[in-house]
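Taken from TrEMBL as is:
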- H68: active site, proton donor (ACT_SITE)
- D8, E39, N40, H194: Fe cation 1 binding site (BINDING)
- E39, N67, H167, H192: Fe cation 2 binding site (BINDING)
Amino acid sequence: MKILFFGDVFGKPGREALRHAIPQWKKEFEPNVIIANGENVSHGAGISDATIKHLLASGVHIITGGNHSFEGKNASILLNDASLPLLRPANMPSALPGRGYAFFGIKGNELRITNKPDDADLLVINLIGQVHMRYQYDSPFRVVDEILSRFSPSATHPPFPVIVDWHAEATSEKIAMGWHLDGRVAAVLGTHSHTPTADERILPKGTAYISDIGMVGPHYSIIGQEISANLERFLTQIPKKVDVAQAPPYEINAVLLETDPRSHKVVQLRRLRNIISDNLSHDN
Ligand SMILES: [Fe+2]
Ligand SMILES: [Fe+2]
């Protein structure tokens, strides 16, 4: 199975750049599954009906989340919509709307959510870190153990690829999760920092790992936000609302994974990055 995973899609520039990138990369790489982190898809923070629809219409099959998942007017309604392939981190308070992991079945080009692990072709788990985060989430290490123990009690790899969107800030916490899950999941893919890291690798027991995939968003920005206003916050230390940087060029960061049909481990891992200079807002 080939899986194309885009990091945090940031605001309109991210959405447009993603819409531009997917047809090209689909043709080039022929992925079976396309996943994108959507926590910043609506104005740089949160989700909305229109922006979730935009991602799905662009060809994204599964949308993961992070600390901004609950921002946006209808975020809770969207997260509670069982028909949407939308996740939020599993180690947030369990009473919150939405789900932290989901099974998917794949038939041809179609991918559907399934509640039956026996029918699953893929499991996607979304986790959030505890280091340098505003809230004290449950331990992602213990929560992921608990999830995996339900489907692979012997601590072996489950009978389908397991992809973890690991939404965290500190690279130390990130690589710790890589080692924690090595051999038990297909991939631990970092999101949240919006900055791609060059440390992609397949760990000794077969788990693909990268500290951060990087965002899909405006290249001339401070992690997606407009430069001068964001910089002013650092200079003055006065809180200020900062907009999405709109101007091109835009950067597109993703990873491409290929899993073995028998072992369900990753046999190929490739980091993808493209910077496009066109203004894409009039693209079809
Ligand atoms: Fe983000
Ligand atoms: Fe985040």
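Using N, Cα and C of the backbone, Cβ positions are placed for all residues, glycine too.
A map of TrEMBL features onto the structure.
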residue: D8; record: Fe cation 1 binding site; Cβ contacts under 8 Å, 6 or more apart: G14, N37, E39, N40, G66, T191, H192, H194, M215, V216, G217, G224
residue: N67; record: Fe cation 2 binding site; Cβ contacts under 8 Å, 6 or more apart: E39, I128, M133, R134, Y135, H167, H192
residue: H68; record: active site, proton donor; Cβ contacts under 8 Å, 6 or more apart: E39, N40, A45, G46
Quiz item: Within 8 Å of the centroid of the Cβ atoms of D8, E39, N40, H194, which other residues of that chain place their own Cβ, given that this set defines the recorded Fe cation 1 site?
Solution: G7, V9, F10, G14, N37, V41, G44, G66, H68, T191, H192, M215, G217, I223, G224
